[in-house]
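These notes are about the structure you will find just below.
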2 protein chains.
Amino acid sequence: MTDFTATRRAFHLPAGITYLDGNSLGPMPVAARDRVAAMMADEWSEMLITGWNKAGWYVQPRRVGDRIARLIGVGPGEVVMGDTLSIKVFQAVSAALALRPGRRVILSDNGNFPSDLYVAEGLARAVGAELRVVAPEEVGAAITPDLAVLMLTEVDYRTGRRHDMAALTALAHRAGALTVWDLAHSAGAVDVDLAGADADFAVGCTYKYLNGGPGAPAFIWTHPRHAEAAQPILQGWMGHEAPFAFDLGYRPAGGVERMRVGTPPVIALTALDAALDVWDDVELADLRARSIALTEAFIKGVEAACPDVTLNSPRDPQRRGSQVSFRHPQGYAVMQALIAEGVIGDFRAPDVLRFGFAPLYNDLDDVGRAVETLARVLRDGLWNDEKFHDKAAVT
Amino acid sequence: MTDFTATRRAFHLPAGITYLDGNSLGPMPVAARDRVAAMMADEWSEMLITGWNKAGWYVQPRRVGDRIARLIGVGPGEVVMGDTLSIKVFQAVSAALALRPGRRVILSDNGNFPSDLYVAEGLARAVGAELRVVAPEEVGAAITPDLAVLMLTEVDYRTGRRHDMAALTALAHRAGALTVWDLAHSAGAVDVDLAGADADFAVGCTYKYLNGGPGAPAFIWTHPRHAEAAQPILQGWMGHEAPFAFDLGYRPAGGVERMRVGTPPVIALTALDAALDVWDDVELADLRARSIALTEAFIKGVEAACPDVTLNSPRDPQRRGSQVSFRHPQGYAVMQALIAEGVIGDFRAPDVLRFGFAPLYNDLDDVGRAVETLARVLRDGLWNDEKFHDKAAVT
């Protein structure tokens, strides 16, 4: 059994705050600060350039990737770190597209995170492909035989709706297409099983449920059956077979390493590496069970105490990630008032109150406080204060 | 007058080491460690998600960019940070190419850093352009009327040869082409003057002469005349006009902000920000004068004391950056022996001994020790030890 009391203690959680926004930025693992300070003092300062070998900076993107592999249901050597999620979406979709010559259609849905759509739009314009965007519930029916790539975010960033990764991947494969799964709201939040779903590519960020810090590096996974054939558009020296041969021509490195681009962000990867220590004794089945218990309790509590809000997430926990959202016509002001009362969730236009539940450090006490505070904010009309309506003051 | 004794004191330089590899990885500014620790403790830990506004994380890429602007001869608001140099090369070249519709040729030289060539090759393959690569001295003659983009690294990473940015930019403009300058070995090393040269785009890294730490974020500059028209292929949410509107379609932000892609690397940018403090009282004319004094003294000393090596850098300091390289048939082993004796330079295949001189912390004592040690390694044949010939042991 995973000891979630121990995992909660591993984080710095500010006093007096109930933090339900770990799906946007996870809190700092206590060990991260010392680890980064030590890296700077013992490695950068003392080893200087020799740190690339002596301290293992070169292999860090692969070594840290191996730690994430377990959390997304794939094997060691299949995941590599670097860049940002948007860049990794570009890498994965461009590589998938190149593996389906003659096909030009990328399909996504309007519940996808907008940056993924922007990236696909830019790629499509550059290479003469077409981006089709449908409603999340229409994705299955929109998988047609001309499809090259199905690009989806597994868990919707606003509603928490979880796509059926295995079923949609099977449909895509039947149509001859490949899949790219964005795990931004999945990795560290639900029991991701890429191998079980037979997915093709996956990408994700590490500053949400993986707690790597603001702007922490992204990850990318390539199924081994594509790893030696994938040819992404972004080809940088760290993805070269022999970076230090300084050849004038590009030769891709073996496997997922070719998805690397530039020099890895060592300081940021060090913070992330420390954050991943917390996961060492966590079982994904326990994580998922706890996530469901927390979100179920929150929905039940809010629906009993807050008649003015409407559930904006699937009621069936199997169709939901680790977040819950509600709608309120004055959602923006309600969230500002809630934050002023010490419960931090976030607002997503036009009227969504979003609450993330991170099983590693959120518990039923957090749920209770959040329910009680939201009920009070609504019942007493605390949001009806001018200062909570000024959108220019807060982004 | 710049006080270079004070700038040297701002760095942690390990005892017993003469560090001439700051053109690969700059040493740690003493203040960087405390600054990062404070950011983690006071901002990430305590502000959590509110740090994006309260601590200014969102505007950090632009604010830090402004500090670099002065060092490359451009104005505030024209530079933005993020990603890696390879990604920024892709952004700049793809944007430049789109500004020259009907033209498909990208010209570069074989002295360019290979990753720039790999990136351009991947881009060219994707969009149906052509990458032409000539010798550095043939670039001028190869600027033909079909050229879309001239993509060059100002200072050659092996020889230190410095291109005439103003002259080549003028030639490119006369042919109707745009220029993309990579300043990896220029920013913080020489008196870069992009505005004076009338360049179009520039990119650079910050872990060399700018001392931002291993894998520190890159920068990109767009000339204001292109800033509102540039349409790079990589379009991410942080380059959107209104990221938090979560629109499904992309609308580029005004100016250079559109060159941003994903969530900025806050921890890494904080280390870089601290490193840039050291530049506050540095005049570029002083920097350049000191760089020339150091490299001239090194060339003179080595040529007097080491008959077995051949100068691999331009003799005219005006045609050279802030590094010097020499060739030796056993260059690899010679560099290993030199490092074992406490002088850190680096080796570049096939036979190049490379020495970077960073005016901020290198001084004439460093030059003297490096000359004396190299002379001893060569005279006494210290390199002729089996352990210095095993390339598998060191990259």
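The chain as shown is numbered from 1 upward.
Each residue, glycine too, has its Cβ placed from N, Cα and C.
Automated prediction, rather than curation, is the source of TrEMBL annotations.
Of the residues B:THR144, B:THR169, B:THR222, B:THR263, TrEMBL puts just one in the pyridoxal 5'-phosphate site with B:LEU85, B:SER86, B:PHE113, B:PRO114, B:SER115, B:ASP116, B:THR153, B:ASP182, B:HIS185, B:TYR207, B:TRP237: B:THR263. In sequence order, the recorded positions near chain A (CB to CB under 8 A) are B:TRP237, out of B:THR153, B:HIS185, B:LYS208, B:TRP237. Taken over all pairs of the listed pyridoxal 5'-phosphate-binding residues (B:LEU85, B:SER86, B:PHE113, B:PRO114, B:SER115, B:ASP116, B:THR153, B:ASP182, B:HIS185, B:TYR207, B:TRP237, B:THR263), the Cα spread reaches a maximum of 30 Å, rounded to the nearest whole number.
The least crowded of the binding-site residues B:PHE113, B:TRP237, judged by other CB atoms within 10 A of its own CB, is B:PHE113. The Cβ neighbour count for B:LEU85 (pyridoxal 5'-phosphate binding site), using a 10 Å radius over every protein chain in view, is 30. Remark: of the binding-site residues B:SER115, B:THR153, the most isolated position is B:SER115 (fewest other Cβ atoms within 10 Å of its Cβ). Secondary structure at B:THR153 (pyridoxal 5'-phosphate binding site), taken from DSSP and collapsed to helix, strand or coil, is strand.
The secondary structure of B:LYS208 (N6-(pyridoxal phosphate)lysine), as reduced to three states from DSSP, is coil rather than helix or strand.
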